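Structure record follows, encoded as structure tokens.
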Amino acid sequence: MSEEELAKAMEGLGLEEGDSEGNILPIMQSIMQNLLSKDVLYPSLKEITEKYPEWLRSHRDTLPEEQFEKYQEQHSIMGKICQQFEAEQATDSDAEQKARFEMVLDLMQQLQDLGHPPKELAGESLFSLFFLLNNYIHGRWWGHLGIVHGMLGPQGNKMSDKGNSADGKTDIANGSLSSSPEEMSGAEEGRETSSGIEVEASDLSLSLTGDDVGPNRTSTESRDTDTESSGEEKDSDSMDDTGHYSINEENRAHDRSHSDEEEEEEEEEEQRSRRRAQRKRANHDQDSSDDERALEDWVASETTALPRPRWQAVRALRGRELGSSSRFVYEACGARVFVQRFHLQHGLEGHGGCVNTLHFNQRGTWLASGSDDLKVVVWDWVRRQPVLEFESGHKSNVFQAKFLPNSGDSTLAMCARDGQVRVAELSATQCCRNTKRVAQHKGASHKLALEPDSPCTFLSAGEDAVVFTIDLRQDRPASKLVVTKEKEKKVGLYTIYVNPANTHQFAVGGRDQFVRIYDQRKIDENENNGVLKKFCPHHLVNSESKANITCLVYSHDGSDLLASYNDEDIYLFNSSHSDGAEYVKRYKGHRNNATVKGVNFYGPKSEFVVSGSDCGHIFLWEKSSCQIVQFMEGDKGGVVNCLEPHPHLPVLATSGLDHDVKIWAPTAEAPTELAGLKEVIKKNKRERDEDSLHHTDLFDSHMLWFLMHHLRQRRHHRRRREPGATDGDSDESPSSSDTSDDEEEGPDRVQCMPS
């Protein structure tokens, strides 16, 4: 650690330049060099390093896995420190000594970051060293100089005489220190208790008469003063004939007694401090143990063994052969045994940015994907090749691209960060004739809601809190349906979904904790802001955590409504329940914080719940039991956002921060063993709990994130708009190079923005 780094660490002490206490910098550095010297540290550390393997073996079964790994790492670092000391030679140069000190200090800091070693191995001395090292690293020196001598005990006389200076010792008056704390302590004790301590009278500059006088006159006047005052009371202090200021026996005994009392008080205070530190460590260890035990219990409750599945493959196959089961594939898609055998089949590569949306056509033969690269690709996912690729006409990240039902796969509806809702007309010759803007939100539009059987109508929602109903048969397709409000405040929307069993009803979610259900036939904004009913987990109604709904979806028959909350859990509501009803199921273990996660049902009867996670894994829960039945490693980029089940087959498509689409099918030879699940769940839980202590609004931070990326990725040169170029905000734009010219005038693209 350099002088500059030490100075920065000392800023909290308030020591201004020129203060006499400023000498603490070289003092503490000298102390730390001695504490980390071979003579002091190596014997104890070597002994612990040799005992550690046996201790680890004997405690392997009683320690939590994470704590055991920390102890293993501690043992490894201790071995590296011992190697540094064993390489030390008496002929080492000052530069080599300094480099070794820096290395040992760095390793000790790594050791300290892993927590205290087992107390039965380390003992009090190493615990105290860890405590002092922590204060050294963080600049908290005060009150601990006395610990140095007390914690080392008999080892203090073993300290190396090597210091920063050539002779290893320094003079306090000259701004440095004896290299041994015992020598320092002994010197200070001697000044107070030994009759041999003398201070030159000339250094005292005594003036008894108010005039400046020299040593001789001081001595004479001192004697005269003593004589004059002898009748009343003898001075305890006097000057001898040699010109030295001395202390008589009576005062010396009093000072010695007073000094002894002070030392006893200091020792008692030091012992009390040590006991307090031990109690704190014990309490901390107890708290950590309790937290770890509670976490283990919670994880165990989330991963308990499941009952035997009701659907049996052999029995179902026999029934199909006998003609008694005509719904084999339909039932197999919702079978747990197939979900537990999901395995990655292949990836579809063709995008140059994060893939934000996936959607199968009605027959399940094609898969549409949209990306930050502003392109939409239609895939023949079985043959792993694109059928069609075109520019979307959007100016910023494409968030959704969906085939309109019963349109012969000829119409795709799209929405994006630029707030536009566009429709692409696809031809039978596998090309896109054009894309047309049909609505414009004043904020980003994240989701579209299709009406199950309608090729002409759908809904869109935006961060401007507006829901548009769009009818492609009209000259002006978009009309404002409702503005979502809580009292008089607009609520930006991130998700919308139409009830498949009652297409007049739709649900929305966004920048607050409420799921709102509307009925298009009964919207009266003067009555309850047009809301039919609202749902919210009761513990989030008045929560300070600013919960947000990142995605919601109805089940296959509209009876259930699933909502995923930002950095919270996934909740299932019964859509037929009355206004304000509590959730009926809760799904835990994943983490939804870094991006806006999608959530979906899987299975023909919505038998499972599927979600991505910040940890890069895909979680599948059994809807009825809330138990995790599948756990797969998704994107290498670390986050999975989109999950699209195939409409007829046991196939799942996923995407996220990676630039490809992944296809999963139940082809594994054996069911999953959920390897590593508990550790991932624990990690997600800890990170979420830590973040909740200093919670900030996710979407405010997303806006800052967006602005930073926007500034960083600004183009240095923009093309000038050429005469006759198509305006990107016009109603129509051909899917050609003209569209890309138009994009140059729009907002810069931002890759992998949390949507």
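One is the number of the first residue shown, and numbering goes on along the chain from there.
Cβ coordinates are placed from backbone N, Cα and C, and glycine is handled just like the others.
Just so it is clear, the model here is predicted, and its values are computed rather than measured.
Feature annotation from TrEMBL assigns region 'Disordered' to 158-295 (among others).
The compositional bias 'Polar residues' annotation in TrEMBL covers 173-182.
The compositional bias 'Basic and acidic residues' feature in TrEMBL is assigned to 220-259 (among others).
If you look up TrEMBL, you'll see 260-270 marked as compositional bias 'Acidic residues'.
Marked as compositional bias 'Basic residues' by TrEMBL: 273-282.
Among the features that TrEMBL reports, compositional bias 'Basic and acidic residues' is placed at 283-295 (among others).
Taken from TrEMBL, the feature repeat 'WD' applies to 348-380. The average per-residue pLDDT of the prediction over the repeat 'WD' (348-380) is 95, rounded to a whole number.
Annotation comment: TrEMBL describes 715-755 (among others) as region 'Disordered'.
Counting only same-chain residues 6+ beyond the ends of the repeat 'WD' (348-380), those with a CB under 8 A from a CB of the stretch are 386-392, 394-403, 405-406, 409, 412, 414, 424, 426, 637, 641-644, 646-649, 653-663, 743, 749-753, 755. Summarised by DSSP class, the composition of the repeat 'WD' (348-380) is 0 helix, 19 strand, 14 coil.
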